[in-house]
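J.: Please read through the structure below; I'll follow up with questions.
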């Protein structure tokens, strides 16, 4: 039984999703968005850190998974996104959680079956997979997708090796 916190980082809106895995079953525990306020980037990063830290305290996850930075058209946006990811990763590290990272293509492939899926397709499949009454908000759905991707990746590793491994700090342990 593992609880996984998935995060879809953003400097303005950071989505989070929490699932519990019981064997092959994935149960929805919660999801939402951390909406930062103000123009001051350091303050927004603190809000992300504090928000993720509170979610960790509330749900007590065993594992943490986050979306990797994608190539943005605007270099400034990519840097801000990287800093938002850093704030979330530090919150997980402070809580001694193993950190796993996945590309958007890996996440979409795990959830929808194709790495080129649209946001609406991810929302729909998350609703179906987790048996939700309605599709979650886009950022929350993406975060739940990160958690589902992490679950499926670990299940594949278990099947291949007979034991689970988690990617942490760029290495497996």
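Using N, Cα and C of the backbone, Cβ positions are placed for all residues, glycine too.
Swiss-Prot lists 8, 139 with the feature Mg(2+) 1 binding site. If you look up Swiss-Prot, you'll see 8, 67, 139 marked as active site, on the strength of sequence analysis. Residues or ranges marked as Mg(2+) 2 binding site in Swiss-Prot (evidence: sequence analysis): 67.
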J.: Validating a neighbour-count step here. Other CB atoms within 10 A of the CB of residue 8 (Mg(2+) 1 binding site): how many?
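T.: For residue 8 (Mg(2+) 1 binding site), the count of other Cβ atoms within 10 Å is 25.
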J.: Measuring Cα to Cα, how many angstrom lie between residue 67 (Mg(2+) 2 binding site) and residue 8 (Mg(2+) 1 binding site)?
T.: 6
J.: Kindly assign residue 8 (Mg(2+) 1 binding site) to one of the three DSSP-derived states: helix, strand or coil.
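T.: Strand, per DSSP.
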J.: Name, in the order they occur in the sequence, the residues of the same chain whose CB lies under 8 A from the CB of residue 139 (Mg(2+) 1 binding site) and which sit 6 or more residues away.
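T.: When sequence neighbours closer than 6 are ignored, residue 139 (Mg(2+) 1 binding site) has 8, 10, 13, 14, 15, 33 within Cβ distance under 8 Å.
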